[in-house]
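A short write-up of the structure that comes next.
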Amino acid sequence: MSGRMTPETDIAKTPTGYDSSSLDEKARSGGLAIDSISDDMSVIKDHDAHGAKAKTNATTMKTTTAMPKSDSTTHGVGGIDILGAGDDSPLNAYLMFCTLAVGFGGLNWGFENALVGPISAMTAFVRDFQGLNEKTNSYVLTATHQSILFSVPLTGTVVGALGSSPFQTKWGRKYALLSAYATSIGAVFLQLFAPNFAAYIVGRWWNAVSYGAALAIAPNYLADLVPASMRGRFVSAANIATIAASVIATAACYASTQTHPDDKLAYRIPLAVQAALPFALILPTIFCVESPSWLLSKGRVDEARRTLRKIRGFSDQDVEKELSVLLVVEEERKAATNKPNPFDIYNRQNILRTLVGGSIFSPNQCSGIILSTTYATVFLVQLGVGNAFMLSLIGNICQFVGTLLAPFVLDNFGRRPVALIGFTILFLIDVSAGTLAFFAKDSYACGVAIAALSFLFNICWTLSFYSISLLMPAEIPTERLRNPTMTHAVGFGQVTAIITTLCVPMITADDAAGLGAKAYLIFAGCMLGILVGAALLLPETKGRTTLEIDELYQRKVPAWRWKGFETSVEVREKEGMPPSSM
């Protein structure tokens with residue numbers, strides 16, 4: 001083991017007081033179980049017990065393993081630097097498989113979001129589903145049809161996010177995610193064979209229910225599977241699949257427009273690719289483990305232990321240490337309430353955590369990203385700076401680059417610095433692009449500069465805003481409120497998306513207000529407010545465990561002081577004392 005131990009803790013204690021040699025012997029014989037180690041302390045057997053027995057449970061869980069502080073500055077589960085725990089690594093092949101499979105949770109969302117922009121700009125699509133735009137005398141969707149196509153289906157994501165919380169609480173994250181994927185099967189085929197515009201919109205709405213649920217489930221599922229010290233890089237790395245799907249979608253659109261420029265196959269080929277996604281997502285997810293935290297919430301301690309053993313590369317003793325911390329968190333959750341109320345995220349005790357962790361997903365829609373993603377193809381056609389489909393593909397590749405960098409940047413530099421620097425750059429790009437738009441009609445170079453700035457915007461947005469907005473709802477909330485907080489994050493994020501997608505065509509389209517790229521200045525004002533809010537409220541959570549985050553909020557430590565602040569959890573670790581709930 002890495003780290004230093006005091007003489008009193010040279011023999012690491014198990015959650016019930018056995019020494020490590022006894023623990024190893026039991027592990028080798030297959031008899032390792034917390035509820036069978038001591039007859040005098042068998043308080044975990046009846047997991048449904050309440051009253052005095054529940055109180056005994058809470059007390060017993062505090063007599064957990066003494067966990068030495070590692071020499072590394074990285075926090076691990078229960079304060080152990082499990083990235084360097086002896087010669088063992090927490091990673092193993094099965095954990096990597098599970099995180100990869102669960103990380104595909106945003107694939108459908110990424111594909112559909114990237115698909116609709118290029119499709120809406122295809123001549124064949126507009127001809128088949130709308131007809132000639134009388135105001136522009138061309139095959140371009142009217143501002144009204146753009147608003148309907150881009151915004152109305154997003155209401156489905158709110159429905160999916162709201163429905164996911166009770167479902168995963170009752171049935172677990174794995175089966176909730178599988179159900180979300182299965183829901184999309186009918187939706188993607190309806191889009192593929194839609195006979196008219198209304199049917200296509202219904203298919204988009206139906207699919208939005210599916211990926212809205214998946215977006216609310218997958219980040220928490222991932223956070224449950226990996227150790228705390230690796231949470232940032234794994235949750236943010238899941239965005240790679242989402243953006244990779246965007247690249248594939250725009251590449252498919254570009255290729256189909258080159259081979260079938262005026263034929264309905266131009267839009268049906270990309271839709272056929274989308275129709276295969278639910279099956280590609282369901283198959284690997286079937287072989288994933290359930291969330292250990294969810295298993296503990298149902299009193300299935302032995303199953304949670306076996307699950308951790310399957311997805312950890314380190315020793316049985318370290319598995320027990322991680323389990324003991326999860327049990328402390330679970331007992332704290334049970335002590336707070338037997339049945340959490342989803343609306344507790346809005347009470348005085350939790351409202352700040354909800355605003356910080358659950359609401360950062362919402363303002364990312366107000367950054368200006370909609371101009372360089374969802375409406376990118378239509379927008380670039382307006383600018384007249386080249387092949388809009390090719391430029392959209394380049395824009396998505398830029399997003400992919402930002403997503404590749406995000407896991408390493410977040411875990412090496414921290415959440416707060418990445419957010420503040422990233423938000424500042426996005427604000428400056430909004431101001432620059434909006435200013436150049438006043439000269440774009442008379443200057444081809446200004447149009448090219450705006451397109452280039454949009455590419456830079458995509459890199460910075462995915463590197464900072466996007467990666468943090470899905471990590472914070474999985475990291476900031478207290479354990480018992482993680483599901484409703486993620487639901488709040490995705491739900492309100494999509495409400496903001498609905499508003500922006502309704503408004504943007506009305507202020508940018510030629511047959512409406514006609515602002516075009518000048519709309520970047522509106523988003524610059526939004527970004528300035530977001531930057532100030534982040535500076536005041538966004539804390540540094542890099543490597544912090546749930547117990548530490550709980551304590552820092554309970555002690556009302558200002559966000560700008562979190563980095564380097566020593567919690568009582570860390571003090572207890574230094575003194576060789578067991579973790580304890582506040």
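In case you wondered, yes, glycine gets a Cβ from its N, Cα and C as well.
Just so you know, TrEMBL annotations never went through curation; they're auto-generated.
Here the structure is a predicted model, which means the values were calculated and not measured.
Annotation source TrEMBL lists domain 'Major facilitator superfamily (MFS) profile' at 98-542.
Positions annotated as region 'Disordered' by TrEMBL: 1-25.
The transmembrane segment annotation in TrEMBL covers 143-163 (among others).
The transmembrane segment annotation in TrEMBL covers 175-193 (among others). Within the same chain, residues 102, 105, 108, 160, 164, 167-168, 199-200, 202-204, 206-207, 209-211, 213-214, 217-218, 221, 268, 271-272, 274-275, 277-279, 281-282, 285-286 sit at least 6 positions outside the transmembrane segment (175-193) and bring their C-beta atoms closer than 8 Å to a C-beta of that stretch.
The feature transmembrane segment is assigned by TrEMBL to 205-222 (among others).
Here TrEMBL flags 234-257 (among others) as transmembrane segment.
According to TrEMBL, the feature transmembrane segment maps to 269-289 (among others). With a cut-off of 8 Å between Cβ atoms, the residues of this chain six or more beyond the transmembrane segment (269-289) that come close are 94, 97-98, 100-102, 104-105, 107-108, 111-112, 115, 118-119, 174, 177-178, 181-182, 184-185, 188-189, 191-192, 210, 225, 245, 248-249, 252-253, 255-256, 260, 307, 310-311.
Residues or ranges marked as transmembrane segment by TrEMBL: 366-383 (among others).
Feature annotation from TrEMBL assigns transmembrane segment to 389-410 (among others).
Look at TrEMBL and you will find 417-439 (among others) tagged as transmembrane segment. Long-range neighbours of the transmembrane segment (417-439) within the same chain, counting only residues 6 or more positions beyond its ends whose Cβ lies under 8 Å from a Cβ of the stretch, are 367-368, 409-410, 446, 449-450, 453-454, 456-457, 460-461, 463-465, 467-468, 515-524, 527-528, 530-531, 534-535, 538, 540.
What TrEMBL records for 445-468 (among others) is transmembrane segment.
Here TrEMBL flags 489-507 (among others) as transmembrane segment.
Taken from TrEMBL, the feature transmembrane segment applies to 519-538 (among others).
Sequence-distant contacts of the transmembrane segment (234-257) (same chain, six or more residues past either end, CB-CB distance under 8 Å): 99, 102-115, 118-119, 122, 218-219, 222-223, 225-226, 265-267, 269-270, 273-274, 277, 373, 389-390, 392-393, 395-397, 399-400, 402-404, 406-407, 410, 462, 466-468, 470-471, 474-475. Ranking 143-163, 205-222, 389-410, 445-468, 519-538 by CB pairs under 8 A with the transmembrane segment (489-507) puts 143-163 at the top. As a whole-number mean, the pLDDT of the domain 'Major facilitator superfamily (MFS) profile' (98-542) in this prediction is 88.
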